[in-house]
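> Before I ask anything, let me first share the structure, which is written out below as structure tokens.
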């Protein structure tokens, strides 16, 4: 019975460690999530910068899973290319080793448990504050306290191996098989990480078992290698509903870690001896084994990066062969937004990146619709073909708006930072206005078709004036399409206001021209000019919708 209680205590300590890790990571990420996305999206100009970016990002958020999931989402959105993402993945693998060092030094070398509960106590007033910044600080402090409290409980629940001769004899059956034992425990490490969905938690459990003498340094090192394989499952699962390029990025993570573990297994025992000589103290001493394991983890990932960074193009080519290109289907079918499951770390941030990408696609499609309108205004003979294609596209964009709005509404039920909440509200407004633009564009196409079929006459320069006015609207649509993936600043909003004012000015000019022409026409000839005024009205509405988009984007700071 005591053995069962010890196992339950161990699992309880592990659970508290996991909760603490998540709370601390969430608190840090809420303060830096938008900066992390910006960092990953901009500082990846070459392989070395990609490595540095991945290293920095993972050190900031203390989660390689968060880094890789957001990275895969950025690849899916087309903001980072495949080769750039591989460099970031290499850096993230190095950055995640910092957690092992923190746990080894403060969890095993320093008696920090005396500060764990006081940290939680200090956090309580902050936790109930109205200030989001203070609440996020509270999350970090509570996470810090629970993390080391969980680690302490894990250590206390695991007895020294000397007090359990039967357990020692059982373990010896698996740890005394030479090289086969190493392979076996690599698999154990991989499975353990997949089950826990956290390489940091798996590492903490490995450190605890090694510290208590249940496994020696080589076996623990083998488990660490397996954890490097198991941690790739998170990005893999996140990439499943994404495009081929995002899937390739996730596969590149797997390939990189698998190749690294493979070559490390070839030189495993010499490398273990190298770490033994490099790190002061003997790994056979329980107090020293956490530092030896942390050093092994770091040096393995650094060496793997130094070795494989030269083969990034080959890795990219390999994963391109592993994952086929996306199937391109003719026409517009039913639209469906497939989100990353909520149990994946940083699913909300990942999905918001995807929605941004979809909104940008909507913006490009509305720009395309308006381009077709401009061409049809100059040549009415094109309108039948244009109207048919735009009808299908307009329905598709209606479906997009409905799907994305429903998803964003569901997101509001999750725990969100202020930045994420503002982002969601802005995106809801953006997709609504984009759908309104598509409605107006299609209405214009129908009006031009009406002019053609009724053989109705405009004033002489009417078609060219419509085309010119559509050109001004196109400038505004392009402005918004270019800014959908960026932060809108005050000077950008001022530029948007100038574009909208120019559209309003031209509306007034065209209405005056139309009134003058109508005054000179017979009653039976007025129908064409009335349609002209309807077209002008719809174009002006598109300018209003475009300004609403710019203003919505400005809310996201």
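Cβ atoms here come from the backbone N, Cα and C positions, even for glycine.
Keep in mind that what you see is a predicted model, and the values were worked out from it rather than measured.
Copied straight from TrEMBL:
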{"type": "TRANSMEM", "residues": "49-74", "note": "transmembrane segment"}
{"type": "TRANSMEM", "residues": "86-106", "note": "transmembrane segment"}
{"type": "TRANSMEM", "residues": "112-129", "note": "transmembrane segment"}
{"type": "TRANSMEM", "residues": "174-196", "note": "transmembrane segment"}
{"type": "TRANSMEM", "residues": "255-275", "note": "transmembrane segment"}
{"type": "TRANSMEM", "residues": "295-319", "note": "transmembrane segment"}
{"type": "DOMAIN", "residues": "487-552", "note": "domain 'PhoU'"}
> Pairs of Cβ atoms less than 8 Å apart decide it: which stretch in 49-74, 86-106, 255-275, 295-319 has the most with the transmembrane segment (174-196)?
255-275
> What residues in the same chain, six or more past the boundaries of the transmembrane segment (86-106), come closer than 8 Å to it by Cβ-Cβ distance?
40, 44, 46-59, 62-64, 67-68, 71, 80, 112, 148, 151, 199-200, 203-204, 207, 228, 231, 249, 252-253, 256-257, 290-291, 293-294, 297-298, 301-302, 304-305, 308-309, 312, 315-316
> Counting each residue once, how many in the domain 'PhoU' (487-552) are helix, strand and coil under DSSP?
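Helix, strand and coil residues of the domain 'PhoU' (487-552) number 60 helix, 0 strand, 6 coil.
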> If you average pLDDT over the domain 'PhoU' (487-552), what do you get?
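In the predicted model, the domain 'PhoU' (487-552) has a mean pLDDT of 85.
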